[in-house]
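*Asks:* To start, I am sharing the structure in question, which I have written as C-alpha cells.
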Amino acid sequence: MAEIVDVRAREVLDSRGNPTVEADVVLKSGVVGSACAPSGASTGSREALELRDKDPARYMGKGVLKAVDAVNTSIRSALIGRDAREQRELDRIMIDLDGTENKANLGANAILAVSLAAAKAAAQEKGVPLYAHIADINGTSGQYSMPVPMMNILNGGEHADNNVDIQEFMVQPVGVASFREALRVGAEIFHNLKKVLHDKGLNTAVGDEGGFAPNLPSNEAALAAIEEAVTKAGYKLGSDVTLALDCASSEFYKDGQYNLSGEGKVFSSEEFADYLGDLSQRYPIVSIEDGMDESDWDGWAALTRKLGDKVQLVGDDLFVTNTKILKQGIDKGIANSILIKFNQIGSLSETLDAIKMAKDAGFTAVISHRSGETEDTTIADLAVATSAGQIKTGSLCRSDRVAKYNRLLRIEEELAGSAPYRGLKEIKGQE
C-alpha cells in the first residue's frame, strides 16, 4: 500500500503572475508527489469552479488561500491513510466531500492539484514514469503514441492585446516521423515568423502562450504571414505542415451574431460557418476549435454539417471536458473532437473518462494546457499515456510552454521507438 501520511498545499504563481494552488501528497515511504493547477483566460461558462479569495487587498482578488486551506484541512483529513495508487477512489472522496456539481465548495483548483500530486506520488512509489502509471489507471498500458503538437505561434483574442479576433493560429508539423523532428520544424517556423513580422515592421512581442501578437488587418493576414514563414523555413504548407485555428468564438459572440471587430464584420451562425469553410479551402486548415459559441448549438450543427467530414471540429468551451455535456454533443452529432483541459473538470479520473468517451464515439481528443500555466508537465505524460495523438501547449518560447515539449522529448527517447508519431493520421478528417 502506498499510504498517504500528509497532504499540504501552498499558493504559488502561474505564468501570468497570478496565484494558483500547488499541492504535495506525502507517502509513508517518504515519497512526495507535487502538482500545480493551471488557470484559463477564455473560459467556458460551465467549467468547474476555480476558487479565488476575492480579497481586493491581495493579488487584486485572485488569491487562492481558501483553496489552499481546503487542501490543508478537509481534503487532508479525508485522504490520510488512503492508498495513493487508488486514483479513482481518491478522486471520488474529494468530489463527494465537495458535494457540488462544479466543485464550488473546495475549488477545482484544490481538488485537481491534489489529484495530480497523488498520481505523481503513486508513480514514484511504483518506480515507473508518470505516463506509465496514468496508463495503468486508464487501462492503456503499453499503448503509447507521441502527440502531434498544435503550436500556437500567432495570437489574437483574449491571449493578446491586439486587433486580431481569432485567438490562436497554430502549425502542426505532420510530415515528419518523430516528435523530435516535429519540434524542430515548429521552432524553425517560429523563428522565421519572427523575421517575417520584423521585416514588415510589425510587433514581435509575444502573448500569454508565447505566440507573436502583431496588429494585422485581418485573420487572413495572420494566415498569410504564417504561410510565408513556413516557406522561408524550407517547408511546404499542406504536406509538411498543416494549420489549426482556435476561434474562441464565445469571446466575440453577442446577441446571436459573430462580431469580428478587428475586420469590421458581423456574421450570422450560417455565415460564420461559411467564412470558416472559405478559410479552410484557401489554406490547409485541418482543425478548428470553438468555431461557434458554446451556447450556439444550432451554429455548431451547421458548422459540423458543412465541414465535419473534412475538418477536425474541436469543442473546448462547448464541452469543458465534461462527459455529460460531451454525451449530448455526441448524441446530437455536434463537433467531432474534444479539447481536454483537466482543470475544466477538476480531477484526473474525470479527465480520463472524457477522453475514453470521446474515443469510443469516434471523436479525437486534444490534450491542452491553459493560458495560465506553471512548470508542471503532467499534460505531456497524459497525452502519451492515453495515446491521445494531439497536444496543445503553446508556442516555442516561454519556459512554461517549452517545459512540456522538453518532457515529451525525454519520453520519446525513453520509449525508444515504441511510441509512434503518426502525424496527419491523428487528426479527425485526415485519417
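We number each residue from 1, going along the chain as drawn.
Heads up, the Cβ atoms here are built off N, Cα and C, so glycines get one too.
Since we're looking at a predicted model, the values are computed, not measured.
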*Asks:* Among Gln124, Gln143, Gln167, Gln257, which residue does Swiss-Prot annotate as binding (2R)-2-phosphoglycerate at the site that also has Lys341, Arg370, Ser371, Lys392?
*Replies:* Gln167
*Asks:* Out of Glu220, Glu289, Glu350, which does Swiss-Prot tie to the same Mg(2+) site as Asp246, Asp316?
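*Replies:* Answer, per Swiss-Prot (Mg(2+) site with Asp246, Asp316), from Glu220, Glu289, Glu350: Glu289.
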*Asks:* Test of understanding: give the count of other CB atoms lying within 10 angstroms of the CB of Glu289 (Mg(2+) binding site).
*Replies:* 29
*Asks:* Using Cα coordinates, what distance in whole Å links Arg370 ((2R)-2-phosphoglycerate binding site) and Lys341 (active site, proton acceptor)?
*Replies:* 7
*Asks:* Which one is it: of the recorded positions Gln167, Glu209, Lys341, Ser371, Lys392, whose Cα lies the shortest distance from the Cα of Asp246 (Mg(2+) binding site)?
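*Replies:* Checked the recorded positions Gln167, Glu209, Lys341, Ser371, Lys392; minimum Cα distance to Asp246 (Mg(2+) binding site) goes to Gln167.
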*Asks:* State the Cα to Cα distance, in Å, between Ser371 ((2R)-2-phosphoglycerate binding site) and Glu209 (active site, proton donor), rounded to an integer.
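*Replies:* Cα to Cα, Ser371 ((2R)-2-phosphoglycerate binding site) and Glu209 (active site, proton donor) are separated by 6 Å.
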